[in-house]
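> Take a look at what Swiss-Prot says about it:
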| type | residues | note |
| --- | --- | --- |
| REGION | 1-25 | region 'Disordered' |
| DOMAIN | 102-260 | domain 'FCP1 homology' |
| ACT_SITE | ASP112 | active site, 4-aspartylphosphate intermediate |
| BINDING | ASP112, ASP114, ASN223 | Mg(2+) binding site |
| ACT_SITE | ASP114 | active site, proton donor |
| SITE | THR168 | site 'Transition state stabilizer' |
| SITE | LYS206 | site 'Transition state stabilizer' |
Amino acid sequence: MDGPAIITQVTNPKEDEGRLPGAGEKASQCNVSLKKQRSRSILSSFFCCFRDYNVEAPPPSSPSVLPPLVEENGGLQKGDQRQVIPIPSPPAKYLLPEVTVLDYGKKCVVIDLDETLVHSSFKPISNADFIVPVEIDGTIHQVYVLKRPHVDEFLQRMGQLFECVLFTASLAKYADPVADLLDRWGVFRARLFRESCVFHRGNYVKDLSRLGRELSKVIIVDNSPASYIFHPENAVPVQSWFDDMTDTELLDLIPFFEGLSREDDVYSMLHRLCNR
């Protein structure tokens, strides 16, 4: 059974002790450290990811260039050829439909699923909130899903303030039924899955320019910096969540988003907080 091919997750440090952390985990570690220092403002911790995980993304209009290809004898290939990975331009057809009358004038918040709102496992979890059957290679497997504390309050308030979109790098066969159970209020106006991501240098990236919304009015909430590498200035990072039932990350975010909903554009407030 190829579980990781169905669900896109970060590694739970409890299950992988002794492994040296990679760059993609630095943001999570930074948030863990700040979690222990609750005397500091919760808002300032959102932006530690930009300080400790400084990924320079290529401009959307420019190709991404890798180092020259080297032959086995150490020489460069003919013409010093380089691998060029183009960053896709906005498509003729955007990922989201037109804004509804209900959401007219609201900002768009893109919300991740795994380790942001829930944690899922193919291993049995005694206190699972949901058990979702998923078909893999003709066999039905059970996925055990834990809800992050305060996710219900968070989603309900976000649905009142914003046009909310679920955007996950996991496959729809798993994520869609989880969203059915999680979102009892119809908060998510749209759901985007792995096929809507851009595969860039080994990561599934959520390219916000493909949504069809003005970028100055788009926010992404995600535990993985690789997911928003094209638009880090639009991100509100969150700590990866696995099973800590005392976690208050989502609850702490609500006042922040209440303030953000009143801003003319997201960059001004995010920039101010980043430089506090």
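Cβ atoms are placed via backbone N, Cα and C, with glycine included.
Please situate the listed features within the shown structure.
In the shown protein chains, 23 other C-beta atoms lie within 10 A of the C-beta of ASP112 (active site, 4-aspartylphosphate intermediate). In the three-state DSSP scheme, ASP112 (active site, 4-aspartylphosphate intermediate) falls into the coil class.
ASN223 (Mg(2+) binding site) falls outside any helix or strand according to DSSP and counts as coil. The local packing around ASN223 (Mg(2+) binding site), expressed as other Cβ atoms within 10 Å of its Cβ over all shown chains, amounts to 23.
Within 10 Å of the Cβ of THR168 (site 'Transition state stabilizer') there are 29 other Cβ atoms, across all protein chains.
Using a 10 Å radius centred on the Cβ of LYS206 (site 'Transition state stabilizer') and all shown protein chains, the other Cβ atoms total 28.
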> Within the domain 'FCP1 homology' (102-260) only, compute the mean pLDDT.
97
> Filter the recorded positions ASP112, THR168, LYS206 down to those whose C-alpha lies within 10 angstroms of the C-alpha of ASN223 (Mg(2+) binding site); answer none if the list is empty.
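Cα filter at 10 Å returns ASP112.
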> Would you kindly give the Cα-Cα distance separating LYS206 (site 'Transition state stabilizer') and ASP114 (Mg(2+) binding site), rounded to the nearest Å?
14
